[in-house]
Amino acid sequence: MSVRTQSSEEPAETVHRAGFACFVGRPNAGKSTLTNALVGQKVAITSNRPQTTRHTVRGIVHREDAQLILVDTPGLHKPRTLLGERLNDVVRTTWAEVDVIGFCLPANEKLGPGDRFIAKELAGIRKTPKVAIVTKTDLVDSKTLAEQLIAIDQLGKELGIAWAEIVPVSATANQQVDLLADLLTPLLPEGPALYPEGDLTDEPEQVMVAELIREAALEGVRDELPHSIAVVVEEMLPREDRPADKPLLDIHANVYIERPSQKGIIIGPKGKRLKDVGIKSRTQIEALLGTPVFLDLHVKVAKDWQRDPKQLRRLGF
């Protein structure tokens, strides 16, 4: 078993490489946090709720020797709704298109049926190199980490997966994140940069704004609600008649839930929760866009939207 740590780092190649890597894993395995750490800026929303990622987000890592485009997929799981099936389809389509797959497995949780389910799917993809990434290493001691590394090595042997690398990382503590980029780079094809210098994602601004609002709305809600929340930015326009040195961006967005009974959970007593969502997301949006924002939020019911193909399309899935 070859496990990489910082001391075993090899010199960088002189050729330039560019390509796509995708992180897979069950929900809440740390994929979005790792994407943000590698890019150096928030491009994917994170939450301690599973299943928060719904779109494939391309985060772009610029290096002297390479451009690494990270595709952050939803967590693969056994679907219970049409939305769940759509999310799984997104994952499998992404796998077929990337140059390297990173399988994220949390250090603080023993391998379970969900991990085996994904590993079996990966075993069927023969040509694409696969890197096992042991995430959240800051949450365990060295003995637990060693046991997890051995278990992952054994899982690969059992299913016929030849791991290109097994890399322990902590995105939150910034441990071995640069090493991971170093190890992914040689697995990319040689070629020029695919995106301009300075671009960190190809997500449209309206999608990123909607995701930041959804991230704020996910905080502190009960377990059944996260999957019922969708956000659509209806309008994003500079306020007219503002002086050039005091711009203001008007953003009008709708937060959709599935049942009228969920409205009170999102809005909160006397509108306090919705106000908190607005304040938190506005701060993040202003940091992202670099301009003051007026955020107008409304909560609407889209009945059982996760199971309705028409509603899914209208909400961008």
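Each Cβ is built from the backbone N, Cα and C atoms, and glycine gets one as well.
The shown structure was predicted, so the numbers you read here are calculated from the model rather than taken from an experiment.
Summarising the annotation, Swiss-Prot assigns domain 'Era-type G' to 17-190 and lists sequence analysis as the type of evidence.
Secondary structure at Thr137 (GTP binding site), taken from DSSP and collapsed to helix, strand or coil, is helix. Proximity of Thr137 (GTP binding site) to non-local residues of its own chain (separation of 6 or more, Cβ distance below 8 Å) is seen for Ala107, Leu145, Pro168, Val169, Ser170, Ala173, Gln175, Gln176, given in sequence order. Swiss-Prot lists 25-32, 72-76, 135-138 with the feature GTP binding site.
Marked as region 'G1' by Swiss-Prot: 25-32. Averaged across the region 'G1' (25-32), the predicted model reaches a pLDDT of 84.
Taken from Swiss-Prot, the feature region 'G2' applies to 51-55.
Look at Swiss-Prot and you will find 72-75 tagged as region 'G3'.
Look at Swiss-Prot and you will find 135-138 tagged as region 'G4'.
Among the features that Swiss-Prot reports, domain 'KH type-2' is placed at 221-303, with the record citing sequence analysis.
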**Prompt:** Looking only at the domain 'KH type-2' (221-303), what are its DSSP counts of helix, strand and coil residues?
**Reply:** 32 helix, 27 strand, 24 coil
**Request:** Around the Cβ of Gly25 (GTP binding site), how many other Cβ atoms lie within 10 Å? Please give the count over every shown protein chain.
**Result:** 22
**Asked** Out of Asn28, Lys31, which of the binding-site residues has the smallest number of neighbouring Cβ atoms within 10 Å?
**Response** Asn28
**Complete:** For Asn28 (GTP binding site), the three-state DSSP class is coil
